Every structure is written in structure tokens, then in C-alpha cells.
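Features reported for this protein in Swiss-Prot:
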- ASP142: active site, charge relay system (ACT_SITE)
- HIS217: active site, charge relay system (ACT_SITE)
- SER552: active site, charge relay system (ACT_SITE)
- 383-478: domain 'PA' (DOMAIN)
- ASN128: N-linked glycosylation site (CARBOHYD)
- ASN201: N-linked glycosylation site (CARBOHYD)
- ASN232: N-linked glycosylation site (CARBOHYD)
- ASN394: N-linked glycosylation site (CARBOHYD)
- ASN409: N-linked glycosylation site (CARBOHYD)
- ASN539: N-linked glycosylation site (CARBOHYD)
- ASN644: N-linked glycosylation site (CARBOHYD)
- ASN654: N-linked glycosylation site (CARBOHYD)
- ASN725: N-linked glycosylation site (CARBOHYD)
- ASN755: N-linked glycosylation site (CARBOHYD)
- 1-23: signal peptide (SIGNAL)
Amino acid sequence: MRNCRVLLVLVLSLVIVLNVVRASDESKVHIVYLGEKQHDDPEFVSESHHQMLSSLLGSKVDAHESMVYSYRHGFSGFAAKLTESQAKKLADSPEVVHVMADSFYELATTRTWDYLGLSVANPNNLLNDTNMGDQVIIGFIDTGVWPESESFNDNGVGPIPSHWKGGCESGEKFISTNCNRKLIGAKYFINGFLAENEGFNTTESRDYISARDFIGHGTHTASIAGGSFVPNISYKGLAGGNLRGGAPRARIAIYKACWYVDQLGAVACSSSDILKAMDESMHDGVDVLSLSLGAQIPLYPETDLRDRIATGAFHAVAKGIIVVCAGGNSGPAAQTVLNTAPWIITVAATTLDRSFPTPITLGNRKVILGQALYTGQELGFTSLVYPENAGFTNETFSGVCERLNLNPNRTMAGKVVLCFTTNTLFTAVSRAASYVKAAGGLGVIIARNPGYNLTPCRDDFPCVAIDYELGTDVLLYIRSTRSPVVKIQPSRTLVGQPVGTKVATFSSRGPNSISPAILKPDIGAPGVSILAATSPDSNSSVGGFDILAGTSMAAPVVAGVVALLKALHPNWSPAAFRSAIVTTAWRTDPFGEQIFAEGSSRKVADPFDYGGGIVNPEKAADPGLIYDMGPRDYILYLCSAGYNDSSITQLVGNVTVCSTPKTSVLDVNLPSITIPDLKDEVTLTRTVTNVGTVDSVYKVVVEPPLGIQVVVAPETLVFNSKTKNVSFTVRVSTTHKINTGFYFGNLIWTDSMHNVTIPVSVRTQILQNYYDEN
């Protein structure tokens, strides 16, 4: 068995582009994008790519050696090793939409599904109405899969869906028989990575040159969305229960495009490999595609083909595949949300109604409940210290967690140490623990910002997090007595009241930095302390399972819900699923309490934190009305975003001429209204489609943002057998006389059974394009 210390940041942080400096005349991988494929025969498409490359390089042999991938299923293009001058020649060709250099990226349950209302015990819910997602195929582009995991058993799973065209690719320690009726596909894509890293030693690499997962990230995400039933699973006794995915009878297809790099201690995902994985998934017949990947701020426009995920997702959505992406882990800062294309479902991360309280008992018998994943033995009353200079020595003392190593070892040896940190990185916890352990200490209590989810220590060393208020209480106790002592008990699992739901601190926030009128994220889902399968090679694996956090975990939650909805509504468009999820979302927690957003300071959550709210699977199954979108709507968006006619034509495969004047981006038929620069009154249009009772009457309810006037016409929508689509206008004006921040409200259509709700976000900008740093 291979062993490696894999830093948890890899599963908590979304994509970071790795800059590679090369000489300008050296060949490197470029992606040549040709737009929509012009022929249905993939062999014909590939041959055209080789001919184009042969014409450029002068011979078929050189073309063959240069070619990395031919994209021939979902769209047309290829990846090849080219010099800068060769790439420029291709870019000047009228057949070529865009040429871009390859780049490298890193990566971005037992309680989750009951929390979301999908209990197996209820025979009349979405889970059972859809036979648990049977016949729906979910594809994952990630780090691979551990096929022997119990989460991928095929007990009770029927025949492989007839529309599946993929297969299982053999490789290092992976053979085709590792697949079954649950795990029906597994492929790997490494050519782009190898072409850019010729020094990479595939023999000595600790990763598997196959679809087998080394670090466990891909296994974790796949088991969250579509894992089978596994009884009596816990993490060292915590978070125990019966484990399953959201759609436990859905089928799983794995596309490994991310590789562990020993020298970096990190994972890299080549753009060319990701695009090839997306291309293959379109050919293979996946219904839902889940990507826990993304880019870094600043983003490329969705209309810029350097946004590879948006480009691949466009073609997937055009073929009816629902694409779900993680929104990023750069929160709580505003304008950090990733994967913002309007054809992608972008997911924020929230907490569950579950926590792991860890009792801390002071010598004065006061009990404080911290948070940890401590599963070791109870630490009886032990000396407690806060390292500080009492003025009797010239030695250096520090109670700052990151500087505990500056203290003399005798200060911490045999004691529990209290420290404070303002550091928002998870490593502040693990490093503090390592410093105390190295000095012979017995435990550490870390006081930190109450809005930050610093990952608790992962071993059996007592390491407990509390907030500044409680930390100050502990410090005052230490200073009040000559011999302060403390007792630390193992963590426990607390579910339900009084644990509230929050948007996670790390979850990236809106508004959309590249297209502010497009609300992102779309939806929130549990992504904190999620227990799921992992690779046994992962250093934090316990029996092949692990607790992880990130929007990487939240995205497959939504992918699992979408798989159930796809089984119930097989003919819906990808936009219909997004609309159903957004318009029916929870804006309060299961106990009717407001959902807060963690950060400095904690506040009531708004659409920039979690879009429409937290995904509500049962309500999404019967939304009443949907805000549907198709190719025409996406073309409208592309035109309004400034893309030129020829590029749009090659992208969509049809001759496209944008109207003059261009249509407003505010008229894109999204299940949201976002106006980032309101000065004068604006009127926008939306169209809703009835997917509920044929004869229905809906009345409007407006909850306007503060200081904003919203008038809807008509105020009543009537549907019958002949009228299934109805348009309405929304007139928006402001009473504010100064530039403001965003204010939030809602527009609701109700027929007494359904409340079809879209968020309304408006910012008044009397002085346009003005940055106010005050």
C-alpha cells in the first residue's frame, strides 16, 4: 500500500493556476478550439485535426508526434505541442476560434440526506419515487476512484443503462473488472500533464497511472453524489450512521484528469486533460457532470475560451447534460465566486445541523464546549498554561498559535496550552498542535475567530477550537489562580437543535466579478464535515472513509439531487433543473430559523452567499413554474456580453447575428434578477413555463429590496392546456440618492400550493463605475 502525507488544503482549496516559465521558442501544449463539430463521425473530425496540424508542421509524422488530444465528441478541437509562432499561425486561421496555452490547476454522508429531507424511511419522497436515481449516470472529473470502496457496491443495482457508451480503461492497479453495475465507467487523461511535465517520473510517482484514486478526493465526491448503502459507518465513532449518496442507485462514471505531483505535495489538473475528459463524457452518455474544480480571481469572461470549464460545459449543456460545479473556497470575501457561466449550476457550501462539541472543564468547574474531532482518551485534570512573559525574565514567550515554537519547551511540556490566532488558514490549528507536541505538551486549546472553520486536528492529540470570547474566559481563569488546570473529554456528535445552519466561511461569495448581472452562486448545499468514502492511501482515511469540507463536497450533493430530479423529469432541460432548485430552495433552516453566513462578522445570509438558498429536493421535484432556457437564451447572453458574431457562430454551430442594439443582459431568463448599476428606471422581461397542474392561476407577491420600487405586470398569470408559457415584465426604480451597496428582496409567484421564488438583488449607482473604498 502506498503511503503519503497529503495536506488537507488540497480538498479545501479550489483551482490554483501553476505558473510555468518557459522559453518562448520552446514547444508547449496549446489547445486549438474550433467550436461546434461540423461532422457526426468522430473519426472524420479527428482526421481533419491531423490534416490541419500536418499542414502547419509539414508532415504527418510531425503532426502525430505533436498531437496530444483530438476533441471530437462534444465539440471540435485538439491539443498539440506547438511553439509560440506555430500557435500564432493557427490562431490566424479563419477555421480556428481560439488558441490558448495549456495551464495547470489544483483541486478546489451519514447525516446530509436526512437533513435535506431524503430519508429512506419515507416511502413517499423523491428518493423512493425515482427508485433512488436508477438509470441516471453521474460523471465526475476529479482525481479518480477507489473501486473497491464499499460505497461502490452494486447490491440491488439493476442492469447498466442502455444509453451508456463508455467503458472501463485498464491501467496501473486498475483493470476493467474493477467496474460493476454501480461504477460503470472509469477513464484517465494524463497526456496533457505529461506533455507539459516531461520530467515527471510515472514509475516513481506515488499516484497511480490509471483511474485509481491516490489522494481520495474523487472517491469522496463520487460517493457523496451516488454512493451505495453502507451500514454503520463513522469517523472514529463520530458522525455515525448508515452511509449513502444522494442517488444511491444512480450509476457513476469517473474521468481522472488530476494528478498528484510528489515534488509539489499537491494535485495538478491540465486544462487539455480536463477538456478531453469533458469531451469523452459527452460521448459516453452521462446525464449529470460534477466538477469540483475552478479557476482563480481574476476570471476570464464566460465568452473567453480560456475559461475551459465554461467552454466544455457549454457544449455539454447544449447536449442536455446538467453541469454542476463548486463555487470556490475563497470566502468570505465578496466577488470571489468561481464557475460563473450562466449554463453552469454553481454551488456554495453550508453547514449541517451537526457539530462535534468537545467538553473543556476548567479547575473552577466551568465547562466550555469547544469543537474538535478528538477521539482519544479523556485527559484528566492537567496543568494549563498561556505562554506570556510575567516580567521576571528576558526569555521570549508567545501565546500566538503560530509562534508557540518560540517558547521554551519547559513552558509547554506536560501541559495543555492555550493560544490565540487571527490566522484564517486551517494550518494555524495543525501547526499549533505540532509545536505543542514537539515540546512535550499534552494538548492545545485554540481561540480563533468564531466565523472561521479551521480544521480540527486529525489525530488523537487533544486539540480543541473555541472563539475569542470563550478563549478570554479561559485566559482570565489562568490568570486568577496559581495552579490552573483543565480536563478535556473526547468529542461527541450533536445533531439537530440547537445547532443552526450557516453558510461556511470558506465558501466563495458573490457578486459575480465577471458578469455582475448573473447571480452566482446559484444554490447552497451541505459541504462542511461531510463523511464519505476515500482512498485508503489518504493519511486521514479511517477504514476507507473520511470527513472533509469544501465546496468540493457541496457540488456533488447538488449533483446527487439533480440525478434524482433527472430520473423524475427525464425530458427537462438543464436550465429547468437549475430553476427548480433555485426557486424552491430553503431560506430558513429545518427549524424555521434564519440561515446565517459565517465571516467577520456573522450576518443573515443573502443571495450572494447561497443564491436561492439551500437545496430543497422534495420541493424541487414539483416547482410549479420554471424559468427555462435553451440555446437561444445562451446566445442572447453571449451577445449581451460582447462576443462577436463570428465567434458565437463557431461556438454554437449556427450562423448567429446579434441584434442591434444588443439585448440587455438583464433579460436573460434566469431564475433571479440582479441589477448591479441601477440609476434610471429599467424594465426587464421574464418567461415562466407551467410544469404543474394544467389549469393554474398564479398571483405575484413582491418583497422589494430596501429603497427599491418593483412593479410586475401582469400581476396574475393564467395557465391552461393551450397556454403553458407566459411572459411578464418587471419595472425597477430606486429612491436612493447616493451610491449604495446591494439590497435584497424576492419576487414570488404563488398558487397557494407553490411559492416560485426568485431572489432580487439591486445596487443603486448614481455615479457609475465608481469605487468607494470608505
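Each Cβ is built from the backbone N, Cα and C atoms, and glycine gets one as well.
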Rounded to the nearest Å - Cα separation of SER552 (active site, charge relay system) and ASN201 (N-linked glycosylation site): 28
Assigned conformation of ASN128 (N-linked glycosylation site) - DSSP reduced to three states: helix
Secondary structure tally of the domain 'PA' (383-478) (DSSP, helix then strand then coil): 33 helix, 20 strand, 43 coil
Shortest C-alpha distance to ASN755 (N-linked glycosylation site) - which of the recorded positions ASN128, ASP142, HIS217, ASN409, ASN644: ASN128
Densest Cβ neighbourhood among ASN201, ASN409, ASN539, SER552, ASN644 (recorded positions), 10 Å radius: SER552
HIS217 (active site, charge relay system) and ASN409 (N-linked glycosylation site), distance between Cα atoms, whole Å: 37
Length of the line joining the Cα atoms of ASN201 (N-linked glycosylation site) and ASP142 (active site, charge relay system), in Å: 21
Candidate with sparsest Cβ neighbourhood (10 Å radius) among ASN128, ASN725, the listed glycosylation sites: ASN725
Those recorded positions listed as HIS217, ASN232, ASN654, ASN755, and which of them has the most Cβ atoms within 10 Å of its own Cβ: HIS217
Length of the line joining the Cα atoms of ASN725 (N-linked glycosylation site) and ASN654 (N-linked glycosylation site), in Å: 26
Other C-beta atoms that fall within 10 angstroms of the C-beta of ASP142 (active site, charge relay system): 29
Closest of ASN128, ASP142, HIS217, ASN232, ASN654 to ASN539 (N-linked glycosylation site), Cα positions, recorded positions only: HIS217
Candidate nearest ASP142 (active site, charge relay system) in space, where candidates are the recorded positions HIS217, ASN232, ASN644 and distance is Cα-Cα: HIS217
Mapped DSSP class for ASN755 (N-linked glycosylation site), helix or strand or coil: strand
For ASP142 (active site, charge relay system): DSSP state (helix, strand, coil): strand
